[in-house]
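Shown below is the structure under consideration.
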Amino acid sequence: MLRLVLVFFLLFALCLSSSAQNCSRYTSFSNNLAFSSCNDLPYLNSFLYWNYNSSSGSLHIAYRHTGVTTSNWVAWAINPNDLQTAMIGAQALVAFQLSNGSMRAYTSQISSYTTNLPESNLQYSVSDLKATYANGEIVIYATLSMPINTTNINQVWQDGQVSNDSPEPHSGANSNINSKGTLKLLSGQSATSSGGSSIARNRNIHGVLCAIGWGILMPFGVIIARYMKVFKSADPAWFYLHVTCQTSAYIIGLAGWAVGLKLGSQTPGVQYTGHRTIGILLFILGTLQVFALLIRPKKDHKFRFYWTICHRSVGYLVILLAIINIFKGFDILNPEKKWKYVYIGVVAILAIKAVCLEAFTWYIVLKRRKSETAEKTPQGMNGANGANGHGARPTHV
């Protein structure tokens, strides 16, 4: 089991690695436009091309976003403030294809995390704004008037789904959270935001800790308690193993829960109500289980029966909620499918082991009961010689 946990941890820790493409070879712009600088943006299959005149502040850009469909919107923005808030205050160029097949390109000044990108004027003058869609790529063209002698800008780029010709809020996946950075207009060098990297790192840590603590060790501890105690030779070793496993699971899961709280403070406008509610409930029930261990009645106590029912019921509920919430976390984190399949495989192995042990332990219990019943039956009660051992039949009154 320890090997299984280590393998899962190592595999999951490698999640969300990405590779960039080369923008310098791309020349298929409308009207044969040419750009002197280009940058491979590290997330969301995006590229930025530009010409910049620092003395006049004129910035001609082409933002290219690949791997999209007609039901996607894309956006590129400059945030004149900072990248800690990323979206808030961003001056965005937005584009998507309308249901009638035409392209819509417009400006939007973002003021909240839950925005649907309403059209509004920017702090910068924008001209020649247009967009094209072809072969799964949207390209936005525009000319922006920047303050004279501007050398660095904070850029944000994004994508999302379109519903009824209106943009919906973007995903909370790592690639969406990380899609921001600084750009040096003169040299062409860029860097992603350390704040975004911090959020992505915390999201991965939160997911790994919760998956291992609540989603693997906790069910394994229940398997130890349910099936090892059937064997008399395992008493009281099964109890100490159960306590050790569940305590470790609780500590690891609690650490993941704390990282989740930190994520909430880092992304104040991003809400995952269902995931958060189940997480809080898991913390309450898990803590209740820990305190229940401290007030565990002795075996001959009159309340031991009721304590056992409550302890088992809460334990099974914790496992069910934990697995549900981990899959909700997969939907939020949106890693590659293979990582979700890894966890499904781990859960399947635990479930198969539980089913096999359930059948085997029931066999042991029934066999033991049969043996104990036979030992309690007096010799000759059901023998061929009758109750008195001499063939006499019992007297009926």
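Including glycine, each Cβ sits where the backbone N, Cα and C put it.
Keep in mind that what you see is a predicted model, and the values were worked out from it rather than measured.
I grabbed these lines from TrEMBL:
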type	residues	note
BINDING	H206, H242, H275, H311	heme b binding site
COMPBIAS	380-397	compositional bias 'Low complexity'
DOMAIN	44-160	domain 'DOMON'
SIGNAL	1-20	signal peptide
Just to confirm: which same-chain residues, 6+ apart in sequence, have a Cβ under 8 Å from the Cβ of H206 (heme b binding site)?
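Looking at Cβ-Cβ distances below 8 Å from H206 (heme b binding site), excluding near sequence neighbours, one finds G256, V259, G260, L263, G329.
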Measure from the Cβ of H275 (heme b binding site) and count the other Cβ atoms within 10 Å, all protein chains considered.
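Step by step: centre on the Cβ of H275 (heme b binding site), count other Cβ atoms within 10 Å, giving 18.
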Same chain only, sequence gap of 6 or more: which residues have a CB within under 8 Å of the CB of H311 (heme b binding site)?
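Looking at Cβ-Cβ distances below 8 Å from H311 (heme b binding site), excluding near sequence neighbours, one finds Q289, A292, R296.
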If you skip the near sequence neighbours and keep only those at least six away, which residues in the chain come within under 8 angstroms of H242 (heme b binding site), Cβ to Cβ?
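When sequence neighbours closer than 6 are ignored, H242 (heme b binding site) has G221, I224, A225, M228 within Cβ distance under 8 Å.
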Per DSSP, what is the residue count of the domain 'DOMON' (44-160) in each of helix, strand and coil?
0 helix, 66 strand, 51 coil
If you measure every Cα to Cα pair among H206, H242, H275, H311, the residues listed for heme b, what is the largest value in Å?
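Of all Cα pairs among the recorded heme b binders, the widest measures 27 Å.
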